[in-house]
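I have placed the structure first, in the form of structure tokens, so that the comments after it can refer back to it.
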């Protein structure tokens, strides 16, 4: 039986081997090997489609940290199935494409390791049932996305874009983590399934609302929703296969996944409905509005992706109304919004993936993706052009492509919601169809820009560095496959609806019984309805506006560049950098003495203060062991030796005095019945003294310390305070007998460990782990010494 | 006996702290050595002194003295030896490269 | 580092072997009487260091042709290896075991995996201490 855990782990395992294989078979493009991973997983997942479609789910648990309720539990249901198929399916195509996109001169082993890390992490996000595990994978997708965006790290734009994406998505992720912990506090479990089944008792809980907002923050940052969308255009610095994969088909959809997954938890709430729908709507409009003004093809697609993500997000918001109303024949109609969201998400992955690959082909072949330098590519790049037309028209929502179907359903959903009689939608609901319509007009316009400015019109070969030519066949395979899906889904939408979307619907609406009711039959023609009129309106108005684009384009100049979210981001970043610099420079003086003083001062204040305030100090000398005369003498010798060290004039004297201390302690070890310690101390003290003497041959003799009287006093006070404090603690602890001693356990050493020497049995057996690490520390210190001595900076070389 | 040893520990800690706060790197290293002496004694004292016999099951009669502190100290002795060796070499390599054994001079310039 | 002292050298030759024997004894007897890996290792190491102090490094290097870094690495490997070894037998990491056997000469003898572990400790200690001392004294010559 195929285990879902395996699906998550496989990419990580293969990633570990990629560098070795890369080194071994340099003559073969490593991508061919890597591609086997998503293909294998896709086939394995696809084989489960019939069982999932019949309502079956698969779980698999591996105990991880059971005491914290954190287990590696995977859960495969309809919703995660969609994402799993997208991740592995698009993943296979993208890797195939990247084999031709990236030449073997690039550091491919890095690229594919990152890509596999991402793939594993993304599968982890969608298959995890445990929220903590989900969070870990969630952040791992951010990290791998960072690495992939910065793949060409010699470019400044790449590094800044990667940083921006990382900062925004990770901070959203942390907010989400807090939300998860709140959910755990409320429900007492980290399992999503258990939370869903028990959440109805907690909707009035004080943490319900904060948890919802925080989880949404995570989803919105990841899915580039307004106002967090600013990272996505900058992330386009990544190689195009990465943009196609992470930043349009999969990673940005993790937020969508999260919202869909949590719809059964928070979905019935009014705040959820309004936040998700409104943020989605704003994103939809703002993305498509801004896409029109872009001159870089990839930036255009980035804003288009933002806008489409907003569309899906808002649909999920609209669909959550059904949960508020509860299951009834009337409320089922609102679930169609959710259905449309899932449907459009799949469609978007197909056409947007194809479009990104087209841009990659243009960029790769001609060396630019600036639409001011392009034009007239149609005749010379017929295949690329075909894919571009199919993708763009689908994106614009025209038949006979899958975008038309989902766009129509989107319009229908907005119209229906404006008639609903909850959440005062009869008054405000009219906003939704209007915004949807306006945004779709802009969508139409940028789709036209994409086709006409790139492929039609006059060719401008003089502005290009390379002659116009068709891409190699290998590069065209993936976009052609995706384009075939775009058309295929239009003609057979219900295949998708019944096998893929229906089980997902029952995951989102678990209380709605048989998902059969929730799956509308998708058809291209359903009579003259508002949605069809809206589409016709979009095409007419869009065509006119595209024609007169030059006339109204100055409108974009009205938006000042001073007050954008990007400026805000940059200011916050530079301010916090400066601020932390000032703070750090304030106390990091570079003097060891200061740092030591901080540590000791803190110790004295906190521990001493606690000792004082809690009244923990106690002293009782009645239980003391008797004192012999020679012991007093030994103590006196040590005290004198210690004080003499302070005033030693030469380092040799000081070292020998330290030796006196060490050997005296060895004698104490004998007195205190610790023969092992005494032996060790004797040998160590000898070797240490030898080390000091060896080191002295390399060091200058002591000079008189140039310390001021004031520093001496301060040092003296700190030292005495430390000494007194340690004494007080020691005395108090000695009289502290709250717990039973654990040492009696070790007295069974002979039976438990077969050793009569208890100390040795503890070291070798009971606490063998400590000893092992100790040996490692010793070894590291030895290596450190060796390398420090052998690694001398080259003569005349600059010291860094 | 315990009180006396704790008094000694206090003295050792005072001396060690003063040495660690000085500018000469060898004094700092010596300070850490003295500090570890003090800590070893402290750990041993916490397990009560001179109570019971040597913790060797075949050689001596019960009750035995607490063996756990002894095991801890044995580990600590070896670790402190390793650390002392490491910082000693660090010190003389720093001197060879930078030409100073004074921590104030080793700090370098202000602008970083 | 070379100390030209005939008496010291002669005595060292004899004493080193006593120290070495003592070190091995400490290591083996550590399970039941004072001793063990650390002490054994340290004593062995100090014997070797004593050799280096009295004779010239080249001749010692010929008679003791070990790379002590490798000795240390081997020791660490052995010590951690016994830890992982216990996993192979399905018990938690670092579990030790022991049993009694009848051996021809020694009679009833206790054999324990701790001894392997301790052998690793000995090798690591010897390797590290000698490496440190050697590299410090070599650095002086350079």
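The backbone N, Cα and C atoms fix where each Cβ goes, and this holds for glycine too.
Because TrEMBL annotations are produced automatically, they should be read as predictions rather than curated entries.
Feature annotation from TrEMBL assigns transmembrane segment to C:7-28, C:34-54, C:66-91, C:111-134. TrEMBL lists C:7-131 with the feature domain 'Na+/H+ antiporter MnhB subunit-related protein'.
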Intrachain residues whose Cβ lies under 8 Å of the transmembrane segment (C:7-28), provided they are six or more past its termini: 34-37, 39-41, 43-44, 46-47, 50-51, 53-55, 115, 118-119, 122
Same-chain residue ranges lying at least 6 outside the transmembrane segment (C:34-54) that approach it to Cβ under 8 Å: 1, 3, 5, 8-9, 12, 15-16, 19-20, 22-28, 60, 64, 117-126, 129-130, 133-134, 137
Contacting positions for the transmembrane segment (C:111-134) when only residues 6+ beyond its ends and CB under 8 Å are counted: 27-28, 30-31, 36-38, 40-42, 44-46, 48-49, 52, 57, 68-83, 85-86, 96-101
Overall pLDDT of the domain 'Na+/H+ antiporter MnhB subunit-related protein' (C:7-131), taken as the mean: 79
Residue counts (helix, strand, coil, in that order) that DSSP gives for the domain 'Na+/H+ antiporter MnhB subunit-related protein' (C:7-131): 88 helix, 12 strand, 25 coil
